[in-house]
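Here's what TrEMBL has on this protein:
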SIGNAL    1-19  signal peptide
TRANSMEM  29-46  transmembrane segment
TRANSMEM  53-70  transmembrane segment
TRANSMEM  76-95  transmembrane segment
TRANSMEM  107-130  transmembrane segment
TRANSMEM  142-162  transmembrane segment
């Protein structure tokens, strides 16, 4: 158990490092970062609850002041909803992959991962819309639409990395 918790902290640290790889967009307060990639992979690698726990560590430590959110930020800001969404997204993938009883195909694996991206968008867009007092269309144009192509690419890379990790019965 302590080894798994250490791995959760390590993955949280990797997520924090990936947040520093950011591309600011001039029309939205939400940058493109490497975080979604780490979140998607965390559920697959850590299995079950532990992907969600790693993202909970990431959120809590950042909220209490560790400057590892995008741009070296901590606390609450316009991207807090996405970070909250990392927890159920990673949890979803972890619990789903834990229950697999056969090796998934590439399209099946992508089909498993994309709902996690939608979970992140749901939390991120909802929070950003309330945080900035935006209408529905504006929220989607700032919080979801710009990120779909990039996050689809990240999901495809995760699928290619994750596919070999699956044994016939479970992930190693």
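The backbone N, Cα and C atoms fix where each Cβ goes, and this holds for glycine too.
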Cβ contacts the transmembrane segment (142-162)/the transmembrane segment (53-70), at least three under 8 Å, sequence gap 6 or more: no
For the transmembrane segment (107-130), sequence-distant contacts whose Cβ falls under 8 Å of one of its Cβ atoms, 6 or more beyond its ends: 29-30, 36, 39-40, 43, 78-82, 84-86, 88-90, 92-93, 96-97, 136, 138-140, 142-144, 147, 151-152, 155-156, 158-159, 162-163
